[in-house]
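For reference, TrEMBL has these:
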type	residues	note
TRANSMEM	12-32	transmembrane segment
TRANSMEM	52-71	transmembrane segment
TRANSMEM	78-97	transmembrane segment
TRANSMEM	169-186	transmembrane segment
TRANSMEM	193-212	transmembrane segment
TRANSMEM	218-236	transmembrane segment
TRANSMEM	259-280	transmembrane segment
TRANSMEM	300-320	transmembrane segment
TRANSMEM	332-353	transmembrane segment
TRANSMEM	365-386	transmembrane segment
């Protein structure tokens, strides 16, 4: 199909939304982290400056690179990016290189100053590779349906056609996701695994695969997720606290309870930027996992709805970009990134509002964390690159 390409003119609406998300992240973190930073480090802007230098700056560099690199090269390099990210995932277990926190090994130290989380790289690498693989070997809408049609005309039995589908796409996809899952399970990183599984299954279904394939993977996945919760006491306690708000109010239920108190305290217009009470030792993780609750306390329902609206607008625009993309690879990448950012955002905000259990998933572009911010911005660069080309 012919394509029209504007080399240096990405989608204006998407660019504006990206800028709004980044600016919101800086302003929200500046407001939320100032007093917390002073209390923890003795300086007002430690966390903000760390986020700017180790998150925003490298993220912008990655985004520029992702914007100018041809999409076809990304498609070719995706397998190497995935293998490289898996290699980095394995380095976290090497003493002197990897660092641990809370019993989980998820970070690679970079000198005495900072560290990064390779699982954030894995998210983007997985999207690029799965999109590349599905758009070539797993392309249901054209190649495989045509083959199935010819086989039907020859009188081939139905179970033989199903076996062919399983052999060429279903089972290889499960193998790919299983390898990725193994690395994340070794790091005890179920939250990232959940994000990747949701994104991967969504891309698989949107590629044109039969719906029963997704169901066949979803049900065993839910069973395994349930076992993972049952076999880890703290996750079981966290689920119990979600189902019963009075369960362990000073333990596993404490963060969720304080988050709801913070959101409710904000009222309609909030108590004022920088004036949150919850961030002064009452609400755990005030600048990372719980930052939405602090923001809602300071800006009220109006501020919270504006932020939610910004994420909704971003989600809508990514799917517009995907629909206009000239090939299946670009479409799947755009949809994968949109689902990734949107899923994380609404799970994080939902957990603070008590709609879903606490997961430890950061709020994209807002939560403190250099690795998450840098790779989220890099993903924006890929989206802006895709937005320059469209079907004509």
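Yeah, the Cβs are placed from backbone N, Cα and C, and that goes for glycine too.
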Inset, instruction - Taking the transmembrane segment (52-71) as the first stretch and the transmembrane segment (218-236) as the second, find out whether 3 or more Cβ pairs fall under 8 Å, excluding pairs closer than 6 in sequence. - result: no
Inset, instruction - With the transmembrane segment (193-212) as the reference, find which of 78-97, 169-186, 218-236, 332-353, 365-386 contributes the most Cβ pairs under 8 Å. - result: 332-353
Inset, instruction - Test the contact criterion for the transmembrane segment (365-386) and the transmembrane segment (218-236): 3 or more CB pairs under 8 Å, pairs 6 or more apart in sequence, then answer yes or no. - result: no
Inset, instruction - Mind pulling out the one from 78-97, 169-186, 259-280, 332-353 with the most Cβ pairs under 8 angstroms to the transmembrane segment (300-320)? - result: 332-353
Legend entry - Same-chain residues near the transmembrane segment (218-236), Cβ under 8 Å, at least 6 residues beyond its ends: 190, 194, 197, 201, 252
